Amino acid sequence: MYQKGVFLRQPLWKQRSAYHSYEHPESPPFPPAESAILSASLSHVPDHGFTSTALKLGARDAGYPDVSTNLLPRGVYDLVNYHLVTQRLALRDALQFPSDAENGKPIGVGSKVRALTLARLRANAPIVHRWQEALAIMAQPGYVPASLAELARLADEIWFLAGDTSVDMSWYTKRATLSAVYSASEVFMTQDTSADFVDTERFLDARLADLTKVGGLIGALGEWVGYTGHSVVNVLRSKGVRI
Amino acid sequence: MSAIQAPRTLVRSQLCRDVRRRIGKVPQRAFSSSQYLAQHQSPTPKSPQDEPGTTHFGFQTVAEALKEQKVAGVFSSVASSYDTMNDFMSLGIHRLWKDHFVRNLNPGRNPLTSPPSSPSEPQGWNILDIAGGTGDIAFRMLDHASTINNDAHTTVTVADINPDMLAEGRKRSLATPYARSPRLKFIEANAEKLDMIPDSSVDLYTVAFGIRNFTHKDVALREAYRVLKPGGVFACLEFSKVNNPLFDAVYKRWSFSAIPLIGQLVAGDRDSYQYLVESIERFPSQEEFRDMIKEAGFLVPGQGWEDLSLGIAAIHKGVKPLR
């Protein structure tokens with residue numbers, strides 16, 4: 001017999017608040033059983049890739065029979081997603097920026113963003129030879145929206161941790177451009193054979209430099225359009241046009 | 001969930017109609033009247049306020065003890081034409097649903113990619129297919145295990161309460177490679193009382209288009225929980241509720257007018273198919289059934305179900321936790 005009240009009871013991990021609180025620790029992003037299977041599966045990814053084999057071996061490591069992989073409704077995408085989410089949340093503790101007082105001079109938001117993006121890229125290093133498989137899974141039509149949402153959350157996390165406090169339109173453009181730069185660098189990294197991914201680092205720097213250039217260009221262009229527009233209006237007014 | 005799964009306010013006129021139907025013997029209802037019936041059956045919440053000891057048999061309320069017999073009657077009479085009828089009624093889509101169901105479960109243990117770590121470990125899955133009399137799911141499971149996963153050890157036990165359906169399945173199994181192999185077994189059993197199956201012995205418990213007909217669905221779910229190994233999976237393919245109201249109207253019209261007619265024309269049995277569509281209408285919604293699975297102690301993956309064909313059918317899964 002089931003009762004009405006049961007429908008309302010939410011599991012703990014689903015009780016998310018709609019705001020970010022510094023006071024309360026966040027609840028874990030995955031329920032315990034899924035988390036056990038997925039974290040064990042990740043250790044099989046370097047050998048078996050993002051496949052159902054890795055999931056089955058992981059389930060077995062966690063003490064579950066093969067059939068328990070049915071606990072993951074999206075199969076291998078859940079494995080990719082687990083990697084994305086855990087690495088995004090790990091960024092918070094991955095880098096500790098020295099406070100301004102310790103450092104002498106403040107670290108700019110830009111260099112913090114660069115450091116955080118690089119840290120996130122390096123988190124892919126152990127599985128980078130399998131990362132193209134993951135990209136292919138993420139590009140499947142059914143998973144594209146979820147993957148893009150996760151990319152947006154990553155960009156947001158990086159800007160947040162870098163201490164960005166913008167409340168204007170640049171809030172959007174910053175996140176959009178960082179998403180583009182990050183995903184381009186990620187794809188570049190899958191082809192990178194240099195030692196310690198120095199080429200990826202250079203690629204990232206070049207793209208970030210592009211951003212500042214493009215940002216500056218857009219700013220200058222806007223200024224020019226505004227100035228020319230005003231001048232035209234004023235010239236016309238001086239000729240007696242009622243504007 | 002209780003068998004006393006609630007009265008939609010039993011409209012008096014409907015009761016009369018039911019009685020008249022049985023007295024009148026000839027079940028000649030015009031399509032429109034059953035359609036009318038379906039539409040005026042206000043979907044009142046299923047609450048356990050109707051008399052104890054009764055349950056639903058389609059839109060009728062019958063004594064619990066009677067339901068099993070009545071269901072047996074329905075399936076005995078449809079056993080031989082079961083497949084043809086399924087094809088006609090679902091326009092062949094039931095095959096796609098079943099294929100998807102089996103492919104998603106991915107039964108079988110591939111000896112190359114995931115060999116058993118110790119010799120004592122079983123080499124294949126032990127699958128129990130409840131209400132699978134005609135073997136539809138069982139043959140698909142075995143085919144998938146053998147051809148996709150190269151697994152020659154997975155076994156399927158087909159259990160059904162109805163000997164006629166089992167006979168149909170046995171007959172059909174002769175056309176498959178599994179007819180006399182130890183991989184396929186048929187047993188006659190009530191899903192609410194699986195005494196012949198030991199505790200924690202089954203990897204995968206499946207029930208496709210069967211749980212709707214159980215008298216006590218909650219008892220059957222608890223029995224499933226008992227026989228499954230820790231980590232084992234309960235998987236259920238069943239008709240469900242259509243979410244899109246526009247499509248729902250079309251679907252209701254099809255099920256309440258076309259299906260009994262097809263039953264009458266093809267199988268010569270209108271009443272059984274009238275029961276079929278009524279029992280579909282009575283079955284709990286996706287959310288309610290998901291919560292029943294949780295109540296039995298299972299963990300549900302994600303939201304707990306997957307809609308097929310906009311919710312005409314749905315796949316529900318539950319995983320027995322390790323402890």
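Here the Cβ of each residue, glycine as well, is placed from N, Cα and C on the backbone.
Here the structure is a predicted model, which means the values were calculated and not measured.
As annotated by TrEMBL, compositional bias 'Polar residues' applies to B:30-44. Annotated region 'Disordered' per TrEMBL: B:30-56, in sequence order. Look at TrEMBL and you will find B:Thr134, B:Asp160, B:Asn190, B:Ala191 tagged as S-adenosyl-L-methionine binding site.
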>> Restricting to the record's S-adenosyl-L-methionine-binding residues (B:Thr134, B:Asp160, B:Asn190, B:Ala191), give me the longest CA-CA distance in Å as a whole number.
In response: 16
> Would you say which of the binding-site residues B:Thr134, B:Asn190 has the most Cβ atoms within 10 Å of its own Cβ?
Replying inline: B:Thr134
> CB neighbours of B:Ala191 (S-adenosyl-L-methionine binding site) within 10 A?
Replying inline: 25
